[in-house]
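Chemist: Mind having a look at this structure? Questions to follow.
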Amino acid sequence: MSTDHPLVVLVGPPGAGKTTVGGLLAERLGVSLRDTDADVEAAAGKEVAEIFLTDGEDHFRDLEAEAVASAVATHRGVLALGGGAVMRPATRELLAGLPVVFLDVALADAVHRVGLDAPRPLLAVNPRKQWRTMMETRRPLYTGVARTVVATEGRTPEEVTLAVLTALELTEA
Ligand SMILES: Nc1ncnc2c1ncn2[C@@H]1O[C@H](COP(=O)(O)OP(=O)(O)O)[C@@H](O)[C@H]1O
Ligand SMILES: O=C(O)C1=C[C@@H](OP(=O)(O)O)[C@@H](O)[C@H](O)C1
Ligand SMILES: [Mg+2]
């Protein structure tokens, strides 16, 4: 399979399972996974939570936008974005026309999955309220960039992986 873009791009909020399902998809497709959080950490030499704390969210978003642009230009496998990457208009433009999947998740599942003490800086204080407000702003952005939406409630990561493959018609005949 030869393309000039990533085979799959996963977007969605924290806890949707982008990183986890991205790994499973990459295995199934025999390609590698790129995750923009890992790319940003490698470029900055520190963890995401530390970048937020010491350099601020804007700086993190700059690094993240660069990581997305680089991965979209060069990576031909599975690409998992950080949950807030779609906030940048330039990133949304880059994603236009690509096989982008919005992994959707309900608040209860997301909080359960991510945990109340997970190192996700945006959810550090009052995570339920933060998550709800965040989704009100972001849902239209996720929907706007996505070719298809895959619900993850009540599905194991393996089941979500199969649903993504089916939705993008990437399963073998
Ligand atoms: N479908 C699922 N069902 C149950 N737990 C899940 C599912 N997808 C992911 N998880 C768990 O939720 C947590 C967050 O998953 P992760 O892949 O890091 O999400 P994201 O990258 O979207 O923030 C991890 O502990 C992961 O094992
Ligand atoms: O939603 C967000 O703004 C963020 C999501 C995180 O990635 P995941 O969505 O993979 O958890 C990470 O990029 C950072 O903590 C900010
Ligand atoms: Mg992730």
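Using the three backbone atoms N, Cα and C, a Cβ is placed for every residue, glycine included.
The shown structure was predicted, so the numbers you read here are calculated from the model rather than taken from an experiment.
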Chemist: Let me know which member of Asp37, Asp39 TrEMBL also records as binding substrate at the site of Arg61, Gly83, Arg138.
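Modeler: For substrate, TrEMBL names Arg61, Gly83, Arg138; of Asp37, Asp39, the listed one is Asp37.
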Chemist: Using C-alpha atoms only, work out the spacing between Arg155 (ATP binding site) and Gly83 (substrate binding site) and round it to an integer in Å.
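Modeler: Per the Cα atoms, Arg155 (ATP binding site) and Gly83 (substrate binding site) stand 20 Å apart.
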Chemist: Which one is closest to Ala16 (ATP binding site) in space, judged by CA to CA distance, out of the binding-site residues Asp37, Arg61, Gly83, Arg138?
Modeler: Gly83
Chemist: Which binding-site residues out of Gly15, Ala16, Gly17, Thr19, Arg138 lie by ligand 1, going by a Cβ under 6 Å?
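Modeler: Correct list: Gly15, Ala16, Gly17, Thr19.
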Chemist: In DSSP terms, helix, strand or coil for Arg61 (substrate binding site)?
Modeler: helix
Chemist: Checking the spread of the substrate site as listed (Asp37, Arg61, Gly83, Arg138): what is the longest Cα-Cα distance, in whole Å?
Modeler: 18
Chemist: Which one is it: of the binding-site residues Gly15, Thr19, Thr20, whose Cα lies the shortest distance from the Cα of Arg138 (substrate binding site)?
Modeler: Gly15
